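Copied over from TrEMBL, here are the features:
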type: DOMAIN; residues: 1-88; note: domain 'Fibronectin type-III'
type: DOMAIN; residues: 89-175; note: domain 'Fibronectin type-III'
type: DOMAIN; residues: 176-261; note: domain 'Fibronectin type-III'
type: DOMAIN; residues: 262-346; note: domain 'Fibronectin type-III'
type: DOMAIN; residues: 430-517; note: domain 'Fibronectin type-III'
């Protein structure tokens, strides 16, 4: 076995080990170090000096020995040395109380009389801070925020011998972030929070809170996006910096007010035609509102207001698209509902109502914007007529006569219904047709026509229409008289009513016939002493005629279809009244009177001729009337002769009548009426006498071609 080694020195630098130094022993390959404290021992084999025994208890007195070892065995233990292990290092508990302080604490160390703690920035900047204390804790203040510090601590015993030291790196908590800025993105309803990086901060936490709602964003950068914010809300924002030492104080920034929410309960109404009223509920956090109104023709207007309603001018027949936005400093509210409002269609323009007949009116107008259907309404009397059509025209028929109507054309749209503000037009129908109740004759040429008045403020016109022409009479009452109607004419009598509204239909026609005309140019021609021929012109409208010659001595009458008549039994020398009745086909009679007629005076009787001595003859007769003068006419081949006696005489003489001739002689009364005619033009009988030139005178009278000789 090798020799026993000799310990040169033994000492403890660590609380759990003792280091031993000795001189080398020849032949020894290993050495065994032994440390005994009376309760236990610890052995360690090493190759050479120095050697260290570990696993010891701190602040404990040990007996240290060394033995050499080779293949032959172990030597005897060396003389021992007593060595006490140093104090154990204090076990530190370190934390950063704030951004500028670190608190160090530890448990008591056995046999320690005091403690020494030093602190220095790990990057070597600044000075080292050291404190000795008998306490088990201390606080370092006025440190740099967020800086990494190296902390070293050890305990010493009563002899001032230091024990093990304990080194620990501790960072102070970061300072609160500064220059915090909040940018609100109204479109995405999110907030972008940024700040200046804080020294020593590893992470940051942004808290956005509203009531019980808290939104957080953690990041290692100097900005953070907080999404899902709500409109119309006020949030409180804080930023806290973190590192392994803890957190900074939160940095509070002014409250974040998000954009207002889109206005709700938007109502649109036309408070009056041409004016749109847009109203909505008040919106939280809104400073003002903007209403955009865009018409379907592309024109857009807007209204800024701090109130909750706006007025707009509107036109009929347009569709308006309406959006309401709320604004504050954060921006514009999200787009809410887009409302469309269609105004009532325009009232028809160029409105015209034209009567096509007395009971039919055609209503036309110009098409208007927004109208899909038109309704024409005519109200009058007790009835209302309706006409619906998509065309810009309507015909209303079967209107009541003599009735004022209020005609209104309404335009309709499916979106808005009817425009009820359209102005009406007033028209009146033509008067009702009058009904002729009676036609009466006032005179031969005047007819009174009566009708039932069935109109107000109407003028009635009665017309008699016939081949002879037109005759009219006018009245505002219920009758009028047709005058100067021609005789012998047939008429159709009708009546119409006129008013400013127009003219009625004619009434039903009533036939009218006037009495026949009295014939003109009535001519009486005495055919014989007792027969008179009466002729006349045609009397218009007459079919038959009755002529009458009447005197106290009797009457002569003739009824004929012709325009002449022979009346017999006429008494000579008599005054007759002449009358004629013209009778129509329907029995209408006109009694016509004419100038009186006197028949020719009676012829004398007892006509005789006597031969005078002086180549003359005397004519004798018996007068029928002493008040009548007579004339005797003698006609022969050798001359014509006549004589007229003085009134009251019944004879006259014709002198120097040639003999040897046959004479025709007539004695006839002479009247003052008519032209002076010869007796031969009368109805008195002619007698033929022969006047011879011999001593005896012989005459012969011939009547109507028959010879009857008579001598004188």
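Yeah, the Cβs are placed from backbone N, Cα and C, and that goes for glycine too.
Each residue of the domain 'Fibronectin type-III' (262-346) gets a DSSP state, and the totals for helix, strand and coil are 0 helix, 46 strand, 39 coil. Note on the domain 'Fibronectin type-III' (1-88): its mean pLDDT in the predicted model is 92.
Summarised by DSSP class, the composition of the domain 'Fibronectin type-III' (176-261) is 0 helix, 50 strand, 36 coil.
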